[in-house]
Amino acid sequence: MGKFLIRRLLQIIPVLFIISFVVFCLVFVAGDPVALMLPEDASPEDIEQLRESLGLNEPFHIQYFTYMLGLFQLDFGESFRYGQSALPIVLERLPATLELAAASMIVAIVIAIPLGIWSATKKNSPLDLLATGGSVLWKAMPNFWLGIMLILLFSVTLGWFPVSGRGNFSHLVLPALTLGTGIAAEMTRLIRSSMLEILNQDYIRTAKSKGIRDFYVVNKHAFRNALIPVVTITALQTSTVVGGTLITETVFSWPGLGQLLIQAVNTRDMAIVQASVFIIAFFVILMNLLADIIYKLLDPRIKY
Amino acid sequence: MAEALLEIKDLKTYFHTENGVVPSVDGVSFSLKKGETIAIVGESGSGKSVTSLSIMGLIGSPGKIEGGEVLFEGQDLTTMSKRNMRKLRGNDIAMIFQEPLTSLNPLFTVGNQISESIRLHQKASKEEAKIKSIEMLKKVGIPRAEKVYSSYPHLLSGGMRQRVMIAMALSCNPKLLIADEPTTALDVTIQAQILQLMKNLTNENDTSIMLITHDLGVVAEMVDTVIVMYAGQVVEYTDVFTLFKEPKHPYTKGLLDSTPKIHELKDELQSIEGTVPAPGTITQGCKFQTRCTRATAKCFVEEPELKELSSNHKVRCWLHEQEEVAI
């Protein structure tokens, strides 16, 4: 396991290299931030001067070299908007996003695991149909719309939770529900179909033939097997969750990375964009690593 | 003669599919004494496995036991509560399945899976169950039993896994062992070992065996009584010597003819033309009519009963009704 971890961690390095290159290229082709930074009536000389001072006149490879040089020192350059180094600004926003993502995952797991197992064991019962139908409906609902509806109902009408912002636990409830129930919808269907497949396996019949109670057959023998594909697919969906946080944070004015990134894109604050995307990519890779570890812990047949 | 341990009376297990009701087991009756070994023989689709799963109470939706009784020590298992049935399963009646490769849970150690039954049925502590499990593994001839106890099934060969299954099934000293084609998936050299092992271990405790197979070689080797099933029905029911010496049903004869014999080397093996009809497709007459070489007009119209020829020989065929009349 130790060796596996070291090898897996070393594999992250080239991936990060590729990501940094892709991010740089995207920003390079995204256009010139100078036009947005200066007033509309700025003279061509002023524009030229600013471009010069930002190093935007240099050819592609020189710019990339400068960028990489900074990257090795974890320096993504200065934010045009904040006038300070980009990475600390991004890292400052990180805890809020992690808090939201973790709360959403907890909501998703708490809903999806019992619901998925239960609808698989009671296949085609009215309750199963309700669960599967409901999850399709839920998945079809856009995040931003669901968020707004929740705000309208629970904040504006009932006044139970704050409308937006981050603060104590009550601030977290609505954004976590918005994002979490969306993930739960997907996860429920996944667990259900995975469970249905496992419940037909020979070793489940063996377990039943031993006289084990249905509860243990389902929760011990079947669920652990069913979890393997669920873990894999959930990890692969981390990027979807990240996309979800961008939207949810914007809807709820949640001061996280997603909100910062969207603002930065709108204002072409490239240093912030690069730093945010890099950090997000890093977390997606980390989640996949975590999934690999869980996978190995769950399934003794896995050899790396 | 000892009292019957298991008595099946007119068992009917039907599957309710989208295309209508399919009678997989259609009025099967037989009995099994303590210590006796019985074989159910037939091709795929003849209802052998469904019969055994019906006894275990493991018929899942859309299948359902529609009628008949399964009497185990006088108690009807078809009407028994789920809870009592669970107490019986794995304890008094144990089962070994056809596919040792897929019958063990890949995520739990062999030891965990064997001790699970012991702890459940014998209320043993973790340590006691472990000692008993290792003892069972040694009994089924597994070398380095302690090591195998803590290994996962994927590290074992097919033969070893089937030994583990046997250890698991016999760990609570069951009164009845149902073995559903226990050697089909194994190498020929391993097959004989496994059968011998089953026989030795069950002799020790006077365990009855219900062996489901399509291998007549296996039948000849270890069985007392044979039931030949075809399309969900018993077509011949007799002791093993009579079956090989005087098979009465054309289907049984066909099965025997299609078994290779070392002293009659032929270029080509005989076979029974065609396949078992899908359950429910033959609604009139004898179920074997489509493949029988000796079918008469009557066979297509009227269904024969399972008729007693002598005290230990029953057959379901019009030919033998007529013979009797002729005599």
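The backbone N, Cα and C atoms fix where each Cβ goes, and this holds for glycine too.
TrEMBL annotations: computationally assigned, not manually curated.
What TrEMBL lists as domain 'ABC transmembrane type-1' is A:94-291.
If you look up TrEMBL, you'll see A:12-31 (among others) marked as transmembrane segment. Residues 60, 63-64, 67-68, 71, 268, 270, 273-274, 277-278, 281-282, 285, 289 of the same chain, all 6+ positions outside the transmembrane segment (A:12-31), place their C-beta atoms under 8 angstroms from a C-beta of that stretch.
Away from its own ends, the transmembrane segment (A:100-121) comes close to residues 127-128, 131-132, 135, 172, 175-177, 179-181, 183-185, 187-196, 199, 214, 218-219, 223, 226, 241-242, 244-245, 248-249, 254, 256 of its chain (Cβ-Cβ under 8 Å, at least six residues beyond either end). What TrEMBL records for A:100-121 (among others) is transmembrane segment.
As annotated by TrEMBL, transmembrane segment applies to A:142-163 (among others).
Look at TrEMBL and you will find A:169-185 (among others) tagged as transmembrane segment.
Here the transmembrane segment (A:226-252) has long-range neighbours at 96-97, 100-101, 104-105, 117, 120, 143-144, 147-148, 151, 164-165, 174-175, 178-179, 182-183, 186-187, 190-191, 194-195, 197-198, 258-259, 261-262, 280, 283-284, 287-288, 290-292, 294-295, 298-299, meaning same-chain residues at least 6 beyond its ends whose C-beta is under 8 angstroms from one of its own. The transmembrane segment annotation in TrEMBL covers A:226-252 (among others).
Taken from TrEMBL, the feature transmembrane segment covers A:272-295 (among others).
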